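Worksheet for the structure shown next.
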Amino acid sequence: MQTKQHTIQAPVTFSGVGIHSDCTATVTCLPAGPDHGIKFQRTDIEGQPIVEAIVDHVVDVTRSTTLRHNNAYVDTVEHLLAAIGGLEIDNMLIQLDGPEVPILDGSSMPFVKAFQEVELTNQGVPRRFFQINESVVYANESQGIELSAFPLDDYKISVMIDYEVDKLHNQHAFLGKISDFAKEIAPSRTFAFLSEIQSLYEHGLIRGGNLDNALVIIDKEMSASELENLAKIFNKKEIKLAEGGVLNNVKMYFPNEPARHKLMDLVGDLLLVGRPIKGHIVAHKPGHASNVAFARKLRKMMLQQENVTIPTYDPNIEPILDIKKITKMLPHRYPFQLVDKIIHLEQRTVTGIKNVTINEPFFQGHFPNNPVMPGVLQIEAIVQTGGVLVLSSVPDPENYSTYFLAIENCRFRRMVLPGDTLIMHCELLSEIKRGIVKMRGRAFVGNKLACEAIMTAQIVKQTE
């Protein structure tokens, strides 16, 4: 995967009809600066409004993906977005003078070729990845749909489709390297079933569809009158139900072209998460509705991660405060001293370490055959770490004690087990006034959040 942001070196223009609206539109893709992201601009609407390509703006997934922001919408964005994601382009302004991105040949290949011809430019700014750190699953059990994301320091996608048609039973497609997208995935064309065509047309869809920009999979027999009506829809003199499984015997580019196209759509729809993904995506029977639902789930997780700064711990670096210095500052003693060292201490933030071992006395009863660190003690470890931060603000911390006043929004995210290293991080949410302080505390094991809470405490000077 590319580690730096990229954009195209020169503008690229496409013109054509939309597969659903049959409206002609011209699309101009323009280079954009670092951290611009992917944005559409409707130049035919007053004010030329911008629609950012994020899943928050998806308003329709009926046979394609439609974005809308305020009074501007853009339909059938997935093939263009797939080309952008497949070539690892991070920044682009896409201007169009109509409501729908042209279908062209029904694949991403025309976009890919054009972008490759003008070449990409390395912008020298690091890409901001969304790293999948734990398994994520979206499922629609009634339809047999499941999309999952698994931790991986790369981007891979596996897709399985299964239709009640001989040609499309249990097809599989796999993209092992994103650099293979242009060759292996981009040429695959959109498809529909013969049995769907009349209904789609009657519902105002596929008005710009034809046998040059879509594969029509034969899944039923048709009468002569039905074939005649179909010929009118596709503006053909005649339509043949050939034996090859595809209307008019159009040849597939790959034996599993439909599965590859579903993978292509998934690349485009997942671009709407808003960051390049590091993870292995596994999708069973994906479609735009499930792709977008999955993208929403991933984006929500991504935004939660971005709001959490995961502290790093290198045991080779000398601590700011070792256990002896902590003991002088905090009144806690065995078995209730729950901070072993402080590795970071600034005016508003602190990070502490608790090495959790099987020798902890609480494991004798919590639980004998299934040792788990009690959640309340995780919170206590966070509070003690925060206590170091607060007491470091006074000249004689040994003469003060910290008392817990309130706890809000406490959440336990994962179990803490013997052998884990608990990393506690606290940050002030307000200035210390009259000895009262409010802070946000989080505890991590590795890069996974174990628990979090907002806490209020008071420091009180000890009396003799």
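Every residue number used here counts from 1 along the chain in the order it is shown.
Including glycine, each Cβ sits where the backbone N, Cα and C put it.
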Listed co-binder of Zn(2+) (same site as His261, Asp265, source TrEMBL) among His79, His169, His366, His425: His79
Cα-to-Cα gap, Asp265 (Zn(2+) binding site) vs His366 (active site), nearest whole Å: 49
Cα-to-Cα gap, His261 (Zn(2+) binding site) vs His366 (active site), nearest whole Å: 52
Cβ-centroid neighbours of Zn(2+) site His79, His261, Asp265, 8 Å, sequence order: Glu78, Ala82, Ser107, Ser108, Ser188, Thr190, Lys262, Met264, Gly268
The one of His79, His261, His288, His366 whose CB sees the fewest other CB atoms within 10 Å, among these recorded positions: His366
